[in-house]
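As structure tokens, the structure follows; a few thoughts come after it.
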Amino acid sequence: MKALSCLLAVIATAGSLFQHVDARSHARDRLNNISRVERPVIHTPSHRVHAHSHFDLTFDLYPRSSRIKLQLEPNHDVLSHDARVAFLDGEGNVDRMERIERRDHRVFKGWAWVQRKSGSWERVGWARVMMQRDGEDPLFEGVFTVMHDHHQIIPKTKYVHKRHPHDPPLDATPGEYMLLFRGSDIRTQTHDTVERSITSSPSCDADTLAYGTQSDFMFPPLPQENNTNLWGSLMTSIGRRQNSDTVGTVPGSQNLRDTIGNTDGCPNTRRVALIGVVADCTYTSTFASEMDAKTDIISVVNAASVVYEHTFNISLTLGEVNILPKNCPATASSATPFNQMCGERVGDESFTLADRLNTFSAWRGKKSDDFAFWTLMTDCTTENQVGLAWAAQLCVKGVQGDSNTRNASSQAVSGANVVSKTDNTWQVFAHEAGHIFGAVHDCDSALCQDPSNPDNSRCCPSTATTCDAGGKFMMNPTSGSQITAFSPCSVGQICSRMAKHSILTNCLTTNRGVDTISGQQCGNGIVEDGEDCDCGGDESCKGNKCCDPKTCKYTSGSQCDDANEECCRDCKFASSSTICRLSSGPCDPEEKCTGNSGDCPRDTHSKNGETCGTNLQCASGQCTSRDLQCQMHLGSQVAGSRTVAFDSYGCQVACKDPYRPDVRYEGSLTFLDGTPCGGGGTCENGQCTGSTFGNEVSDWVSRHKPIVIGVAVGVGCLLLLAILSCICGRSKKRRPRNRKMAPINMRPMPPVYNGWTGPPPNAESPGGHPQYNHVPPPINAPPPAYPGRMPSTRYA
């Protein structure tokens, strides 16, 4: 039984490692149109700008004859105060480490305006820009929106490098200049095929990777016989950007409609997510220098962060950048196994984007930082995949699984993703980060019509009654037009995950006490030493009566800032009876303001394992059980309210219908952290931790009572028979024999076995002794001396 217990423990542990889903992004489709950026003007006296400049930037779009104005200010959030760049050698060792100086990077944010025929200007969207060259002939890149249609500005060299085979050709104009394309210029997608070639638009294919028998982390669970394996993997990508390009724990599909547009759970005040980025050799090789690669990464994060700031009140901020040399090694170093040439052969197979994620995740798992996640930037693709991510791994440190094998059922899972370089890299970056935050794909016509997608459970629907989201949002499976924001369904999904603590948020810091690269910079949205408040500059501070945007001090009579402090009401501290964080149940008590501070006290939960109801225990702030989580996540596909957990051992959600006890239903979900699991342990990020061998044996016994009882009864019966046999044997030994004893002075005649003289007699004749032929002893034999009575002898 010890061996069996060990085997079951190994199986269950292995099964708990691979309940994650990864998602992939695919390259965009061809462009129908492309424009030249003409007559760019920096509106400063000398047409010069520095890292802390506030200015307007205007230009024309040819041949559309539109005049655009970008009203810009520094984006100090994009780099942390101690942001650093590590330049690695070919073996993956740090060659040198440098601090990223904020003054060296002219990174801006702001708003986009369009000039009307009347000459007036109308604000039409947001803008993010990285200035490469100022003066009278400026060069810049970035993205801005016009009525939710994103406009991408890229240098000619980048367009040429990533030009789609069917994109419009360029003229012979020499030198570097700027081009622009809109999301609406990308060819409209059809959904008559699932697999797309490199000429297809970028998509996310996490759904195409095996996760048990599923093809997407949100696919409905398939019934499995009890003897099937307990693990698998599901990976997805962004071009049909993501049928699936995420890997991780994902909430039950039946809840997506219930939370559409619900922002409960998302932060009410600004939070900062520090991230790390690595550029592999293929990515670095596309730039003239390693410094240019670093600059491009900053530009990508600058653009991607805006959708998180506007939607979730979370800034994506660079904490560390690692740059690998542009010359790819002949053989990847063990320190950086992900750093390989595109299409490199590993055995009989190519090194795919999934392999890069797997090996990069193992690398990230060894990092000891508190970053929200790490991203690997590469120039490689697998078919038309341009991105891949583990789902719902925000703030997760360490690694689960094994990266030493390329078997899809054995993977390394951590807070990591992979993004390929495209001409809209920022969008791929934002999409893959969405999966890290736990978002699934928006529904498109293909997913809505897929017979394996009952009740549209694999994706985020447009509304509670409409499936197809129309390809308008950030988590659309393919790149397309007007993709600049998250859908209401994605917003509700991510916020509800935060509210239910099904993703970690402990790495998201407030905007107070976050050192920025700019030091004491009023207007960067971060409250630093010496500042009372910082509402983010003149534009962001409009209507704020508590904070002076010029001095970052409270206005006269103000004690706090309503915009950034949860216990502030009309610029005064809220009373101690004010609830600043509502209770979500018996395991998550409400928090109240202190009355002498603008900050809400730390969110606290009841201890995991604490009883909160009949057969219910606290786990991650929720009053729940394994059965209840099964009903919540898989009930609609199994047996509704009578759905129960398949067993009490692992941390992957596996359920059953009590009337079909031998059929196992499982998906890509994991039980909440703190949920009890085998051996007296608790689930933590999909793994059963804290179990002991003794408890595992006890747990195994309790889970197999019929077998144990049967074996115990059988063994007990055998023992009873053995005892009875012994008792009977001893009783016969003590039974008196009706046998004549030899006289005390006479030597008994020893028997001599000469064989049977006739038919073999019975061993004992009735009322007498066995009959033998005897030979008399020698006549002169001296008699032996007997010490006493001879014991009886039994012959058989």
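Every residue, even glycine, has its Cβ placed from backbone N, Cα and C.
As the structure is a computational prediction, the values presented were derived from the model and not from experiment.
Swiss-Prot annotations:
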BINDING   His431, His435, His441  Zn(2+) binding site
COMPBIAS  775-786  compositional bias 'Pro residues'
DISULFID  Cys395-Cys495  disulfide bond
DISULFID  Cys448-Cys459  disulfide bond
DISULFID  Cys580-Cys600  disulfide bond
DOMAIN    271-510  domain 'Peptidase M12B'
CARBOHYD  Asn33  N-linked glycosylation site
CARBOHYD  Asn226  N-linked glycosylation site
CARBOHYD  Asn313  N-linked glycosylation site
CARBOHYD  Asn407  N-linked glycosylation site
SIGNAL    1-23  signal peptide
TOPO_DOM  24-706  topological domain 'Extracellular'
TOPO_DOM  728-796  topological domain 'Cytoplasmic'
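Structure coloured by features recorded in Swiss-Prot.
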residue : record                      : Cβ neighbours (10 Å)
Asn33   : N-linked glycosylation site : 14
Asn313  : N-linked glycosylation site : 17
His431  : Zn(2+) binding site         : 37
His435  : Zn(2+) binding site         : 37
His441  : Zn(2+) binding site         : 37
Cys448  : disulfide bond              : 18
Cys459  : disulfide bond              : 31
Cys495  : disulfide bond              : 21
Cys580  : disulfide bond              : 20
Cys600  : disulfide bond              : 21
Collapsed DSSP category at Cys495 (disulfide bond): helix
From binding-site residues His431, His435, His441, the one whose Cα lies nearest Cys600 (disulfide bond): His435
Cα proximity to Cys395 (disulfide bond), best match among binding-site residues His431, His435, His441: His435
Inter-residue Cα distance where the pair is His441 (Zn(2+) binding site) and Cys459 (disulfide bond), in Å: 5
From binding-site residues His431, His435, His441, the one whose Cα lies nearest Cys580 (disulfide bond): His435
Cβ neighbour count (within 10 Å, all chains shown) around Cys395 (disulfide bond): 18
Proximal residue to His435 (Zn(2+) binding site) among recorded positions Asn33, Asn313, Cys448, Cys495 (C-alpha distance): Cys495
Rounded distance in angstrom between the Cα atoms of Cys495 (disulfide bond) and Asn313 (N-linked glycosylation site): 11
Whole-number mean of pLDDT values that fall within the topological domain 'Extracellular' (24-706): 79
Inter-residue Cα distance where the pair is His431 (Zn(2+) binding site) and Asn313 (N-linked glycosylation site), in Å: 17
